[in-house]
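Everything on this sheet refers to the single structure shown next.
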Amino acid sequence: MTDARIDALLSELTLDEKLRLVRGRADPEGRATGYLPGIERLDIPPLRLVDGPLGVRDREATAFPATVALGAAWDPDLARRLGQALAAETRARGHDVLLAPGLNIVRVPTGGRNFEYLSEDPALTSALGAAYVDGVETGGVGATAKHFVANNQEHRRDTVDAVVSERALREIYLPGFRAAVDADASAVMAAYNRVNGHYMSEHRELLDGVLREEWGFDGVVTSDWWGTHDAVAAAEGGLDLEMPGASVAELFAPHSRGLRAMLRLRLSERLDLDPPLLWRLVDRVADDGQPDPYPFDFFGDPLRRAIDEGLVAEATLDRKVRRVLGLYDRFGKLDGGRSSGSARSGGSGDTAPSVDWDAHHDLAREVARRGTVLLADDGVLPLEEGDSLAVVGPNADEAKVGGGGSSEVTPTRTASPVEGLRERASGSRVTFERGVKRVANPSMFDVPGSGLRRRLRTGPEFDAAVEAAAAADVAVVVVQDGATEGEDRDSMALPGSQDRLVRAVAAANPDTVVVCRSSGPVEMPWAEDVAAVVQTWYPGQADGAALADVLYGADPGGRLPVTVGRRFDDYPVAGDERRYPGVDEHVHYDEGVFVGYRGFDRDGVAPRFPFGHGLSYADFEYDDLAVERADGGETGALDATSLGAPTLDATVTVANRADRPGREVVQAYVEPPAAPEGVARPERELAAFESVAIDGGERRTVSLTVPRRALARYDSRAGWTVDPGEYGVVVGRSSRDERARGTVVVD
Ligand code: NOJ
């Protein structure tokens, strides 16, 4: 549809109808997370938005691995395929927009939603986020880049003010969103928090300024759910869509169970109460027929009044409606149908694709395998056929399908570690002992009284687990954390007595493999006392099948997308409440650009496992690094639109010396020259990477293109700036495992 036709449609809409297009309602079927009822008179159908990002949250769907596991695969092609599969499931469930991907940077190692985000590094997040968006969009579904921006902790997420420098925003927190915009994301979700004093749902400088004017975003900005605070400020600040927008009456209708569950989470944050108590409060409010204590509906009557009173121009509303209609149009929803692909994929027709659920389960298994990181291995892995196994761990008999909150998915089927290993080890003995009490998997849909903070105790099961471990050839201890949206983890330690269990099992069997299913980095005080450590994040519904693949020799190719420090205090956000969790509702990003490995490098702190680290069953050797300029090598201020243009080409030969195939992730880091007085730059920063499968005994030439942004720093006056001088280009297996080095002088 042309702009002229959208304008014509707009001119037919009454004020009421326009307001109906910028504020959500409860889905009468109770399935969509966000719902616009449309305008029947003008053949504008309902628009349906659904969570995101680990799978489609509507009835059963494939529970894919957590986003951080995708981050660990370091492979944009895989991210694109995952995006396409998610789009197919979104469409099969009748929705138009997926509320994904999550592009926030892992700043705080205990952040409650780290599992929903890709990494601690902007270059990695950008490359994978863009590919994910591209997959979703070419699959015929709108992608929503969330949560824009600086929603880097769950603690007080709905009110906290992130006090962050422009340089840190530009260099660390914004690039992932810019990449999503460049990849043509349909929507951006404004975060709950404030940034430098303004709620993101009304942040004119970042929404209208950076996102729209600078980056050219012409899609829809939606609020996060109940994240709108003021009709005029949000309307003027650049918000297009208020979600969920449901009235109190709608909220307590039977079909709004999902919305109520979300509200429960939000209220508990605001009032700092445990969800079960809140659940009772919400119920009481409903039973009493009292109005809800929180206004939800800003883009309804309040916005109408503001327009009547001249506080907001109707033209401002028109711009929002035009963008919302543009979103409809993108997927053929204004032509009486729904294309089977976006304009970009050239699709047509109006039937939702049927999903090959088996193939999607296999894809979930592939992503889980590829996101698995072999952190340590003294040679016990791969397991040998015929090894007897003692599988130990509080939840090893269930797949870890995800964390708690809006990303929860009901899987189509599951494979637990016990099941996966039993199936693969057919013929050999595989025993299972829990060892300690189950770790609670917190859920947004917990029934009252279930309690999120269940304590773990040890009992007779503990001794049984140790005995089973002693009697087996290999002990596999599966440990996990329990993270959820809405709260950060209390500490980086594994919950309950799991560390004790690992130590006891390792003392009983020298061939102990620890499998860590966690939302992000956890303390591993036993790491040096066990034979192997395998990080599988939240592997999703194919958990055990993928684990068996890796333990029996499939080379996963996973590399750490986050630094695994020894303790919380080693991270750059530690040591001062100002930085985390914040003081008086302000969290000061005083570490600036020194997030994750950039901070460990600056502080000279050795992580337990560095960013980019991951072992392989193969054996790779690097040779013949050549670094060449791909452009004129200009210095000084850059035109921001050219940030993605190539500036260096790095070519290196990688040989697989083993007699088995393997997957290597070749990583290039740039070491900048000294910046002008008073400007500190990270020692090295990820600039480019490539995941390559190499057969045993083969050599591959790998070419990496370093974009201009990798050399540049952001200066608040001059903008993106390349300093003259000598740049080191380090190619290696992690941020701290250098295999080849070149230099380039830029003058
Ligand atoms: C709140 C979460 O922050 C967001 O990610 C999600 O999409 C919405 N709720 C809707 O469930």
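Placement of Cβ uses the backbone N, Cα and C atoms for every residue, glycine included.
According to TrEMBL:
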DOMAIN    664-735  domain 'Fibronectin type III-like'
REGION    336-355  region 'Disordered'
REGION    398-427  region 'Disordered'
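Shown for the domain 'Fibronectin type III-like' (664-735): DSSP residue counts in helix, strand and coil, namely 3 helix, 44 strand, 25 coil. Taken together, the residues of the domain 'Fibronectin type III-like' (664-735) have an average pLDDT of 96. Per DSSP, the region 'Disordered' (398-427) is made up of 8 helix, 2 strand, 20 coil.
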